[in-house]
């Protein structure tokens, strides 16, 4: 099925994907989970139901104890995705225009949500391997049906065991190949057989994951980042999650007032698929012909929903942009539609796809610059807190509590004006949760996690304001009370 007309060289993909990763590598950020893994060397993926991710990172480190290998995992990810995009282009982009052969597959990089996946120093490789496995579902094809079903089922199991949310990427890629086959005049019977085969494979792979992997490995269930499937009131749950993810995409790309633009664009894509479908072949009156026609013309909306389909039955939505990894496949799908429309109408509209790529690369550069500034400020501020706390109390390794919110750095505020979605990529380390403490340890600052300490109770104790020692700094007021240090950014305690 290789389209030999396409002569886009592999190194074009390699250079393009490396350019995408360049701001991330240069920024050298430890992002959330990276803090703990970089200093303590634990894995922890298997307990999240991702045992293959753990095996991959153990193998890469040649040790059960892992170390910070950055940028090695990122470089491997660059190579892996470049290979996938190269073969995808050779199979599905039949053109002698090398630039178009490069441009369309790069659609996966036009999703701003993928930036968070790429930011992780450790997780980046498992996540991008799961993307590569998703591409494998459509790149490899066997003559025997049983081999195709078995192969796709195995890939489904592997993807779920590496990064569950990437199953959505696989779903969209399967749809992408289906639409390509339809527009290239495959028989109605063959098209439906393809969908049935992939559906059977998905069912088998998901069943194996829930019957084998989940009971053996999953131990983290029900926390905000790992919600479980909710069967009670399932339709209400799906509806609420659907609203959240649709709003997340529309507001993330077009801003809070961009709902109309979002709807218009998808109506435009439906119009394009309908035009191509009618131009290629008027649907015959057979049931299979009508079904395939309807699936094809509604495929842009289907691709959108499939990008977060497996997240819909979870008990609550997940705020983290990384779970929208499937939307990268949706963007690739939309790039494909534009290319096919351009091919059928013999115009140059495909070149317009450069715009979203430039936009997202600008987003990425602005974000990494803001994160670099935040890294510098955070490190300095943690050391200042350490010195002020020791000066005030004469003690070390005390319990640390935050009150209020640190002022946003000006580079971040400026970036947020152009790219509102950046706010969701910015972890807050001056906040009462787990990750400030490994961050501090990584830069040589040591305080104790408050654990089960009732923070409100401590601050409301009658003796707190009368007995606590206080140091007033430019950014905060710092209180020393027994073995507790309170950093008050709002400066409203004991007023």
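Cβ atoms here come from the backbone N, Cα and C positions, even for glycine.
Given the ranges 124-142, 181-199, 238-256, the record in TrEMBL names 124-142 as transmembrane segment. Here TrEMBL gives transmembrane segment for one range in the set 90-111, 200-221, 376-397: that range is 200-221. In TrEMBL, the feature transmembrane segment is placed on 69-88, out of the ranges 69-88, 409-428. Between the transmembrane segment (154-180) and the transmembrane segment (323-342) there are at least 3 Cβ pairs closer than 8 Å, counting only pairs 6 or more residues apart in sequence, which means the two stretches are in contact.
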